[in-house]
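Student: Before I ask anything, here is the structure I am working with.
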């Protein structure tokens, strides 16, 4: 069951918050040794919070909307007093002295923290295999990856270890794992949700979002975590709609744009293409109009991203110098050596690779040829989207070119790994809201995802389309 159903169960007294929390903690104990979705389990805190909610409910106190709902948080989102490691040796012992804005909102809404989830180190990866603390498995097939970088958050929901979870999305890190794990994964508009307390990877691309089993649950969580925040200068000062009330509105007459560059048979699994086209046809049967759209710069997104994101990462990760906080190499006294050795020992190979790429792209003599040019292409990609939304209401693409790949398949081929984000990256470059919705399965039973992209601040529209698709089909997530 999801957030909506469990809230009714709690309100009607069919289950207590403590009983529900214990059910999920038992589930974690049962399956997480195989899945490895969690890095830390906060059982004592969870039970304490559940008892407090039960006591308030017994007194007739009006409780907030997520009271008693057990969730998990990606381990690059700061939680006061609880380790936040970014799955890196560099921050293995880091305990934040402050709470991120999104988690503070969740706790005020009554959500119960079950634990912190695994991720690719510093959110750099597409398989959750670069974690310094071990890889996460896909609950649908333990020999395959759950996607990344938010693979732990996705696997935790897909395996029934929590009701919902938060992740972060820099180039597809919510939508790609959601597609691999058969979940609803929502990345809001850049600035819709505060990034305060999210450990920075690429600041102009990072955005916090959710993993849920249903679109209604995604709408519920977004309503809680969205909104302005004076602590984040990039957070938009706009009102937050009641997303739940919009879900039921008819989608008849909406124009759905199929980006033709995303359906190129070269590189797109035929089974993925077939499932997504079938889903588009289903939307047409619900009254939507399908329109073929061209976004000529779309496929330049991945090259653009892998200049801009590593450049921003190079600047953001410069703070980890072995002096102020984080890992510090032992046995050296020279300042330069402390810094270089701390980074060499504290960062994994993928993080080091991206720092080197970014530093090179920003270096004198190359910044104009690479970084400036990438920003110019980013503008062209945004203009393509603007032109598309002048013709249609929502854009539709596959989320990922394939279903979940085998663990270790791309470990020695980072370029092939990067290609799994080919279809998700452009929405980040343009700052647009986008989400994955499960739309079928391949011949081996692995989930296939469809991506819906909306215009700026039009989360309501893509949630509305996704909800109507979801409730009129029988495609469901499942557990181990």
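Numbering starts at 1 and runs along the chain as it is shown here.
Quick reminder: no glycine exception, Cβ is built from N, Cα and C everywhere.
All annotation found in TrEMBL is predicted automatically rather than curated by experts.
In case it helps, TrEMBL gives these features for our protein:
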ACT_SITE  74  active site, charge relay system
ACT_SITE  149  active site, charge relay system
ACT_SITE  173  active site, acyl-ester intermediate
DOMAIN    19-463  domain 'Amidase'
Student: Hey, how far is residue 149 (active site, charge relay system) from residue 173 (active site, acyl-ester intermediate), Cα to Cα, in Å?
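Tutor: Per the Cα atoms, residue 149 (active site, charge relay system) and residue 173 (active site, acyl-ester intermediate) stand 5 Å apart.
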Student: Using a 10 Å radius around each Cβ and all protein chains in view, which of these active-site residues has the most neighbours: 149, 173?
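Tutor: Per the Cβ count, the most surrounded site is 173.
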Student: Under 8 Å between C-beta atoms and at least six apart in sequence, can you list the same-chain neighbours of residue 74 (active site, charge relay system), or say none if there are none?
Tutor: 116, 117, 119, 150, 152, 153, 165, 166, 167, 168
Student: What is the pLDDT of the domain 'Amidase' (19-463) when averaged and given as a whole number?
Tutor: 96
